[in-house]
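Colleague: Sharing a structure here in structure tokens format.
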Amino acid sequence: QAMETYTTDDALTAMGFGRFQALVLVYAGTGWLADSMELMLLSFVGPLVRQQWDVSPQYESLLSSVVFTGMLIGACSWGYISDKYGRRTALLFSIVLTTGAGFVSALSPNYRSLLAFRFLVGVGVGGTHVFSSWFLEFVPAKNRGAWMIVFSVFWTIGTIMEASLAWVVLSGLSWRWLLAFTALPCSVLLLLFVIAPESPRYLCVQNRMSDATHVLERMAKTNRVALPPGVLTYQKETQLADHLSNPANSQSGGHLPVRENDGAVDNAAMSSKSGGVAAVRKLFSPKLLRSTLLIWFVWFANSFAYYGLVLLTSQLSDANRRCTASAGQKSEAQQKNVNLYKDVFITSLAEFPGLVISAIIVDWFGRKATMWILLFGCCAFLGPLAVHQKESLTTALLFGARACGMGSSTVLCLYAPEVYPTSARSTGVGIATAIGKIGGIVCPLIAVGMLRSCHQMEAVLVFELVLGLAGVACILFPVETKGREMK
């Protein structure tokens, strides 16, 4: 008689979203909150550091560039480490690096050392995407869309917290204190790391079925529900037919091994020596190549737009004044600089409506449609800004664009981990995130460079083109993952 079996998806569906997943959500969410604070920090520290050490504007912008460069390297590295050595290993080392470099950078004796330490913070923050992949691997397919939106709220809370922290700290203390306080949430993650579980999906892919079963049993106990009857297996019962008919394949260890010939797990991915290489190869397999290339472009466009909208908020009104005012009015206009902390605070609030909209429609219209609707919506809000508008209308349009941009970015962070199989998930999302960082590096050249030279229409048209093409790319995605089990 065939042995009764169940998969990780069966177990997660039976358990639902309970107390255990809520704890994982808070831990992973705090990781995102900490990383968004480290990124928003760049808006405040540059001008203060330039003032203290009298560095050129080019060197000031280098402070942002080295962080993004570090993130680009970190995004690839932590994804590779996560798929090869486990989610917990990647999380631990990225948290240690972000925390350590964050605190030490507050003690920087000169500008060069500050650049070096912030680069290391960037490498650490590059592991942000592992938090989202790790969290999603605990969530049942039915709830995944809505809970990814809830998870993304932590990022927005982080941006608002950093703006508030800067407002309070910089009014009475130096920028060094801001760096130290910003590193605190990450240090909390380090203290609580011992309770963070390994992903049962990852353990299944590594054929560590007893470890995976132990995690699922812990989840069931915490959620006060029962696991499905039988033993945990990596594949569906239908895929086990010929395995069960062959007694030579049976094991005495109480679980079924992963078959090497059914394509569920690449045999190379099971080897610790070649796991990362096999994961990269899988991304370019005929089945995944189109998805991979389209995800890369959409991630680039989303990052380009997100960081661009943050910069546009402070640059557009300034450009409007400088480019339309007479010489006599310019000095007067320069006295009316908008409070940077208030600007960041207000524009960050725009992310909440974006999250709410995407939460409402992501499990209704599906991932693909939600992304292209929001990307085209972002284009519609940005369009009128090709010409000078009143400051209140400019703020309202940017608010709408930021809401749409945040919504599409969040759905993309949900869609990409669902497209990739567990053995290549972190590597796939990591490389896509790294491609996105290139968008973050290139964007200031457009948003700031063109606006400072009074080319507002050209700057907005570049954003329209990138976002429009990204919307088309979403329509061309080969698969819809709404309600689909994670492979």
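Note: Cβ is positioned from N, Cα and C throughout, glycine not excepted.
Feature table excerpt (TrEMBL):
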- 22-42: transmembrane segment (TRANSMEM)
- 24-482: domain 'Major facilitator superfamily (MFS) profile' (DOMAIN)
- 62-81: transmembrane segment (TRANSMEM)
- 90-109: transmembrane segment (TRANSMEM)
- 115-136: transmembrane segment (TRANSMEM)
- 148-169: transmembrane segment (TRANSMEM)
- 175-196: transmembrane segment (TRANSMEM)
- 293-312: transmembrane segment (TRANSMEM)
- 344-362: transmembrane segment (TRANSMEM)
- 369-387: transmembrane segment (TRANSMEM)
- 393-416: transmembrane segment (TRANSMEM)
- 428-447: transmembrane segment (TRANSMEM)
- 459-479: transmembrane segment (TRANSMEM)
Colleague: Can you name the far-off residues of the same chain, 6+ from the ends of the transmembrane segment (428-447), with a Cβ under 8 Å from a Cβ of it?
Modeller: 61, 64-65, 68-69, 71-73, 75-80, 82, 126, 128-130, 132-133, 279-280, 283, 288, 292, 295-297, 299-308, 311-312, 315, 416-417, 419-420, 459, 462-463
Colleague: Restricting to CB pairs under 8 Å, which listed stretch, 22-42, 90-109, 293-312, 344-362, 369-387, is in contact most with the transmembrane segment (148-169)?
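Modeller: Looking only at 22-42, 90-109, 293-312, 344-362, 369-387, the most contacts with the transmembrane segment (148-169) come from 22-42.
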Colleague: Looking at 22-42, 115-136, 459-479, which one has the highest count of Cβ pairs under 8 angstroms to the transmembrane segment (175-196)?
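Modeller: Going through each listed stretch, the top one turns out to be 22-42.
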Colleague: Mean pLDDT for the domain 'Major facilitator superfamily (MFS) profile' (24-482), rounded to an integer?
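Modeller: Taking every residue of the domain 'Major facilitator superfamily (MFS) profile' (24-482) together, the mean pLDDT is 79.
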Colleague: Going along the chain, which residues at least six beyond the ends of the transmembrane segment (344-362) come within the CB cut-off of under 8 Å?
Modeller: 40, 43, 145-146, 148-150, 152-153, 155-156, 159-160, 162-164, 166-167, 309-310, 313, 369-370, 373-374, 395, 398-400, 402-408, 410-411, 414, 482
